[in-house]
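Report on one structure; see the data block that follows.
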Amino acid sequence: MSLVLAVYGKGGIGKSTTSANISAALALKGAKVLQIGCDPKHDSTFPITGKLQKTVIEALEEVDFHHEELSAEDIIETGFAGIDCLEAGGPPAGSGCGGYVVGESVALLQELGLYDKYDVILFDVLGDVVCGGFSAPLNYADYAIIIATNDFDSIFAANRLCMAIQQKSVRYKVKLAGIVANRVDYVTGGGTNMLDQFAEKVGTKLLAKVPYHELIRKSRFAGKTMYAMEDTPDKEECLKPYNEIADFLIQESPIASVPVPIGDREIFKMVNGWQ
């Protein structure tokens, strides 16, 4: 039985880069990993495969949307450290529903019997709006992970994600493993002062603190995980949080919880204390 992870977070904060490095850390510790990109941009797995791979929606179009004609080989690419990758894709901009495509991709995984093939399945999910389709991975996940930066908009999105996780936990097994603080800047960004307060308020913890570092940014442009980058004096500092997350997830019984989200208006009141 696979360990299923659902990684969410506000768009544009490095969620896919973080997801790819978590997958890499787990794979290098011996896990057979499948990473699934659930975003119409279909660039989640770019750091692992080094390219924009064919999406599920593109593969379905080729067979006139007859699911039964697709095999795993039609939609999965293998990349760094033997990580298998799948991209749900989405409809053309301005038409259709990206969430629906995610739901269909999850159903296709079931049809192909892929859930039992892997030690870890990681869903990297667009997380600004958790509608029915984009929330589908929570139906299967053991743990959700929220990626956030130390700013109000990111924390507001994280709180909405906590609401979705709490709602799903009523019917499904999913729990919140914690929050990954990304792009942590102690010089101009306040470190994690806001995230620390928020995590305590909703009953969770910071899993790791990923530094704001040029090397991580460069790895994304290079189409590589941090583990595949050339060795430099700062590389170990950048790898440390991803290794910490992987170590937490592969322990026998990771401590996780159902979050207790804050009301929207209460979040705005908290802002005054963060100025």
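For all residues, glycine too, the Cβ spot is worked out from N, Cα and C.
In this structure, ARG183 (ATP binding site) is part of a beta strand by DSSP. The ATP binding site annotation in Swiss-Prot covers GLY12, ILE13, GLY14, LYS15, SER16, THR17, LYS41, ASN182, ARG183 and is backed by sequence analysis.
Classification of SER16 (ATP binding site) by DSSP places it within a helix. Taken from Swiss-Prot, the feature Mg(2+) binding site applies to SER16, supported by sequence analysis.
Annotation source Swiss-Prot lists [4Fe-4S] cluster binding site at CYS97, CYS131, citing sequence analysis.
Taking each of the binding-site residues LYS41, ARG183 in turn and counting other Cβ atoms within 10 Å of its Cβ gives the largest count for ARG183. The binding-site residues examined here are GLY12, GLY14; by Cβ neighbour count within 10 Å, the least packed of them is GLY12. Whole-number maximum of the Cα to Cα distances across the ATP-binding residues GLY12, ILE13, GLY14, LYS15, SER16, THR17, LYS41, ASN182, ARG183: 21 angstrom.
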